[in-house]
Structure formats: C-alpha cells, structure tokens
Amino acid sequence: MSDSDNIPSRRKDDHLDIVLDRRTAPATVAAGWEYIRFEHCALPELDLTQIDLRASLLGKTMRAPLLISSMTGGVLRAEAINRHLSEAAQALGIAMCVGSQRVSLQSRNSQGLTRALRRMAPDIPLLANIGAAQLREADGLDLACRAVDALEADGLIVHLNALQEAVQPEGDRDWRGVLAQIARAARSVDVPIVAKEVGSGLSASVACALVKAGVAVIDVAGAGGTSWAAVEGERARDAADRAVAMAFADWGIPTPASVQAVRRALPTVKLIASGGIRDGVDVAKAIRLGADIAGQAAGVLRAATVSTEAVVAHFEIVIRQLAVACFCTGSADLAALRQARLLPSAHLPAG
C-alpha cells in the first residue's frame, strides 16, 4: 500500500488521539442544554421502577432511546473499540453506528468492521457509515452497498462533513451533486438512509431536501459536542491550515436549536439528536424538544477503549438519569416526556 493510500488511516489515528487526549481535546461551543429547564413535578404519582423508556429505530425496539454515535472506523485500535461498543449495545438494548467504513472497505484490513459485529449484536439497530463526499466517486453506490453488506446493517448513515473536509488539507472540496447521489443511494441501497451531520447541525431547509431525496432518518449532530474543525486545527502541520480551521471551532447550529427547527419542519420524520449530549438529563431535554433518539460518541469513547463493562456502566448511568428526569416531570413514558412542561427562559435557543 502506498503512502497516499495510508493517509486516511493515519488521519483516523490522529482524530482518535486528539479526541482522547484531555490536553488537546478541542474546546467547543456550548450546545445550550443548560438553558432548557423542566418544571419540576413534586408529586409525580409514578413508580420510578416502572418508567417505560422503550423506543424504536429502523423497525427494532430498544430498551432506551439511545444511539452509540459514529466514532472510529478506520484505525487498528478500532477493532477492540467496536467490539466493546457492540457487545455493550446488545447488553443494553440500544442502537449503534460504526464510524466511517471507507478505510476498511478500501484496504485489505477490515479492522473489525465485519459481520462479526452483527453476531455480537444480533438484536439491536446497527448502522453502517460512509461519507457523503464518497458517494460522488465512481464506485460510490457500490461502496454504500458494500458498507451495509459488510455488517448486515439495518441502515446506512451518510455523514455530511462539509466543514471538516473544507478545512482538512487533504479534504474533499467538490460537493457538487452530493444530494443527487444521496437520492440515488436511497433508491439503490436495500436499507433506509440516515443523514447525519458531524457537529455543525442541520437546518430545516437541508433536512427537508434530504427527506425529499429519500432519506428516512435525520441525525442533526449539532454544535456543542466535538468540533471537527478544531480537531483538524489540532492536527494541522501548517500554521495557515491551523488558523483557517480554528476560526470555525465554534461554527454551527447548536443541537437544541437544530432539533427544534427540524421537528417543526418535519413533524413525522424519525429524528436523532446528537452533539453535546452529556448525560441522561440532556437526553430528556432532547426528547422534549422533538427528538426520538439521542446519540453520544465522544462522551463514551474513553470507556470504549477500556472494556465492554465500562461502556455498559457508562450507559446504565445515562439510562438511570433519564428515568429520574421522567419521574421528576411526572412522565410515565417518552410520549409523556414530550409533553412535559418547561420553565420559561429568555435564553432558550431559537430554532
């Protein structure tokens, strides 16, 4: 394999190192979850142990409305990370999406992104993942089908990372025709398409265009979590490249605002909120604003490098927090949580 062929793999290694390293993990704009406050119900008239957190995604029932969001898919360390995540997702009954499969599909090393993941997690919604820019390539549709087949996935995430590509020295600059290719993928791939930003959020107009093109699920992946512009700035070798990237470290639509806007424009679309989800209270707020599912990536990445048990322990806390949020709003289930009263706030993010 040539040096140029190794660039994507080295880049994924850089990304993982930066996100994991507390000294270099990029600071990001606040998502704004702290401005959203529930009206406390002092008399819930509920049994906390009977709160129903079940949700569904891609025809499968989940024990809680949680998605392990896209993380790493192209480095050698990914095999252990993805094993821990898939085993934990199966144990918890929550959904999982792998990171970009481009490297594993275009190299001889599967790096753990095989049907073995499906065998570890036979009952959960499992999503494959490729970049929108890769769909424009000559073999883009074939790559999409192979990504799904490699995992026996229930759906295919097409991630929209235009900002990251724009500030990445080796990034894909030409995004003409991407929407048309997404529409072709929606017709050609045997599973539903999930369109996902990667930290800059989706506007209502873009979400509507994606759904019109045949996308079945929207993941807003708004600002407030990992800033991939800042990550690219951290890995930049050239001062000018770093300066360009860092100017966009706080760019994007905050996740709460993106969720509200997309839900108003598309009342029935399956909607995932990710980007700055810190805990189960943020999950509850996302559900209240209109999301069906909440996703978390960087927040669980460190646990994923340790063990399956560490990932399970992490999400068990998130699930307990979500249940208490339901209890303290008088919500017996997620449908009731969507109607929970919020305190008036002048700082509620506009959507």
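Glycine is treated like the rest: Cβ placed from N, Cα and C.
Feature annotations, courtesy of Swiss-Prot:
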type	residues	note
BINDING	R11, K12, S100, Q101, R102, Q164	substrate binding site
BINDING	S69, S70, M71, T72, S100, N129, K196, T226, G276, I277, R278, A297, A298	FMN binding site
BINDING	E165	Mg(2+) binding site
Of R102, K196, R278 (the binding-site residues), the residue whose Cβ has the fewest other Cβ atoms within 10 Å: R278
With S69 (FMN binding site) as the reference Cα, tell me which of the binding-site residues S100, R102, E165 is the closest one. S100
Which one, from the binding-site residues M71, A298, has the smallest tally of other C-beta atoms lying within 10 Å of its C-beta? A298
So which binding-site residues out of M71, K196, G276, R278, A298 end up within 10 angstroms of Q164 (substrate binding site), measuring C-alpha to C-alpha? none
Rounded Cα separation (Å) that holds between G276 (FMN binding site) and R102 (substrate binding site): 25
Inside 10 Å of the Cβ of Q101 (substrate binding site), count up the other Cβ atoms and send me the figure. 28
K196 (FMN binding site) - helix vs strand vs coil (DSSP): strand
Which one is it: of the binding-site residues M71, E165, K196, A298, whose Cα lies the shortest distance from the Cα of S100 (substrate binding site)? M71
